[in-house]
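Quick look at what Swiss-Prot annotates:
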| type | residues | note |
| --- | --- | --- |
| BINDING | Asp40, 62-64, 93-102, Tyr228, Arg246 | substrate binding site |
| ACT_SITE | Lys95 | active site, proton donor |
Amino acid sequence: MTSKSTLSYAERARQHDNPIARKLFEIAEAKKSNVVVSADLTTTKELLELADHLGPYIAVLKTHIDIVSDFNKETVFGLKSLSEKHNFLIFEDRKFVDIGNTVQKQYHGGALRISEWAHLVNASILAGDGIVEALAQTGTSDAFEHKGERGLLMLAEMTTRGTFATGAYTKASIESAKKHSSFVIGFISNQALTSIETQIPATHMEDFIVFTTGVNRATKGDPLGQQYQTPEAAIKRGADFIISGRGIYATSDPIQAAKLYQNEGWAAYETRIKNRSTGY
C-alpha cells in the first residue's frame, strides 16, 4: 500500500478526492493539530464540557457514545454545536461488526442516531467485506442527507496485548478499504501499512489516512493490556493523527495536556515533512 505521509496536510487536502478527508486535513492545517482526543466519559455533561474545553486544540473528538448513560437529543445537539464552534470532526468509535443489513440500521437510525452527528465511524472486517459494502452503500447514496460529509475507518490493527488484528486480518482490511475507497478514508493502525502488499493495485490518487491509538506520554501501558507509545514515536511510525484518551482527559489539567500533545504531535509531523524535503 502506498503512503503520502511525507506530504503536508495542505498538499494532501488539495490532492484528495474525498471531501471529508479534505476537510480533516484542512482542519489539521488550520489548527496546527493532529490530536484526536478519546473522550471516554459517561455522562452528557462531562462529555460536552470536555469537548468545549479541549475543542480549540484538537482535530477530532472521538466518542464511545454507548457508554454515555444519559444519551439523548441534547447530547447530539451539543456535540454538533461544539463541532461547529471549535472546528473539529466527531469520530464515533463504534467498531461495527455484524451482518450488513444490521449495520446499516445501527449506523443510519436506531437509538444512537450515529450518522446524524458522527463524521467518522469505524468497522472491523471480521464479519467480511459485506459490512463495509453496506456502510458504503448508505454513506454514498444520493438519498443520504450527509453524503460527502461522512467517512469510514477500517480497524486494521489494535494496541492491546495479544490482539488478533494482525497478518491476514490486516491485509483483508486494506483490501476492503481499496474496494470501497469512495467511503473508506483510512485505518486505525499502529503504524504505516506500506509493507503490506494487496491484490488490488494502488491508484495515483490513493491516500489512506492513518489514525494511531494508544498514544500516551506515559508509555507504561495499563493493567488491562493497553500498550502505549509517545506522540513522536507514533508519528515516526506513520501515524497521521494521534489518538489519546486518559493521557489527556484523566490528567489534573486536561487543557494543558491537550496543548502539550498538540505541540509534540505537530513538531513530529513537521519533522517528518521536513525530512522529506531535505532528503534525510
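Cβ atoms here come from the backbone N, Cα and C positions, even for glycine.
Most other Cβ atoms within 10 A: among the binding-site residues Val97, Ile99, that distinction falls to Val97. DSSP assigns Asp93 (substrate binding site) to a strand in the three-state reduction. The highest number of surrounding Cβ atoms within 10 Å, among the binding-site residues Asp93, Lys95, Asn101, Tyr228, is found at Asp93. Cβ neighbour count for Asp40 (substrate binding site): 18 (other Cβ atoms within 10 Å of its Cβ, all protein chains included). A coil conformation is recorded for Tyr228 (substrate binding site) in the three-state DSSP classification, outside any helix or strand.
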